[in-house]
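Q: What follows is a single structure, and I will ask about it in a moment.
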Ligand code: 13P
Ligand code: 13P
Ligand code: MG
Ligand code: MG
């Protein structure tokens, strides 16, 4: 492994049991995952790894040489979740195995429940990356912050003043209902891009790419977001998707502080209690990645890394563990009170079409025959 060689970063996560309820991951699950990934590192399957949590989601962060969608790496993650689920069952954790929606691994973990964000990159001389991990929300929660990082000059000064960024970026947007994708150029197609990604429950940013002429090859992602939709796999509500993202920084990309800046605004996301409510996302240090009030409010942690020339993950740095985000947290708590006072009313509770996969249709079904024509 050396500078200029390809390396893959994989973040694969799953909720395999909460402690208690949907609160957080039990340390025994982290210990088990550490043990299994250490073995794979020793055997040379992966180069390096780190295991952590965000709320009740177990997070595997790995570097390796096998590329994205590697059967070996996905299989490793699947087996790790499976084995840790046995411990979750033993401990009687809530929803043990919640996100393992299929029985047998069939070569790729996508569509089986866990969330996946992976990128294969050509290692730069210095490679700063941030992994973001959210709990109690859905992939569209990343639309606003990723847009701000790579397309909003009021967030990212580099778009205006750095000649290496001035040309902008390309956004790959997925329509997760129709299973289609489109690539849009920023800034030329900024308004088209916003027309789509403002509808965050349907159109989600999957990748950001540089343009031709950038020092990074234009087919190499600079950001990737997990876009799994649990209800589509399960056919019913089994928990929110609780997405993850990987973002590269510096040297012609947003600086570290430009990558973090969007989270100074605790924007509204959907998820929270029973996956059915809008609420603010709070940027928190790891020790507060523990949704409690009304099973929330939704959380995001940011872990900072340098990948060294051998592919080692130098980190994590707990990036939201800083007073600079105190006001965002305070604001989020204020919004929490305000939203909560709406109780079961929209727009705190999600609109009907988004409630389709929750337990609400069961209630409406019961009333069906009592409706009279007007
Ligand atoms: P249950 O208590 O029936 O699991 O539902 C509430 C919940 O937490 C939804 O996941
Ligand atoms: P998770 O998606 O984090 O399991 O949360 C489920 C839930 O319903 C919380 O109220
Ligand atoms: Mg859960
Ligand atoms: Mg969760």
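Glycine too: its Cβ is placed from the backbone N, Cα and C atoms.
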Q: Of 22, 64, which one shares the Mg(2+) 1 site with 15, 56, 98 in TrEMBL?
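A: Looking through 22, 64, the residue TrEMBL assigns to the Mg(2+) 1 site is 22.
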Q: May I ask you to find which of 135, 175, 318, 321 TrEMBL records for the Mg(2+) 2 site already listed with 56, 57, 242?
A: 135
Q: Could you list, ordered by sequence, which of these recorded positions: 15, 56, 57, 237, 241, 242, have a Cβ under 6 Å from ligand 4?
A: 15, 56, 57, 242
Q: Between residue 98 (Mg(2+) 1 binding site) and residue 241 (Mg(2+) 3 binding site), how far is it from one CA atom to the other, in Å?
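A: Rounded to a whole number, the Cα-Cα distance is 11 Å.
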Q: So if I take the recorded positions (57, 135, 240, 241, 242) and measure from each Cβ to the nearest atom of ligand 3, which come out below 6 Å?
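A: Checked recorded positions vs ligand 3; nothing flagged, none.
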Q: Quick check for the class: what is the C-alpha distance, in angstrom and rounded, between residue 15 (active site, proton acceptor) and residue 57 (Mg(2+) 2 binding site)?
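A: Approximately 4 Å lies between the Cα of residue 15 (active site, proton acceptor) and that of residue 57 (Mg(2+) 2 binding site).
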Q: Other than 56, 57, 135, 242 themselves, what residues in this chain have Cβ atoms within 8 Å of the centroid of the Mg(2+) 2 site's Cβ atoms?
A: 13, 15, 22, 53, 54, 55, 133, 134, 136, 239, 240, 291
Q: Nearest to residue 240 (active site, schiff-base intermediate with DHAP) in three-dimensional space, by Cα, is which of the binding-site residues 22, 56, 57, 135?
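A: Sorting the binding-site residues by distance from residue 240 (active site, schiff-base intermediate with DHAP), the top entry is 135.
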Q: When you measure from the Cβ of residue 237 (active site, proton donor/acceptor), which residues in the chain that are at least 6 apart have a Cβ under 8 Å away?
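A: When sequence neighbours closer than 6 are ignored, residue 237 (active site, proton donor/acceptor) has 230, 231, 274, 275, 357, 358, 359 within Cβ distance under 8 Å.
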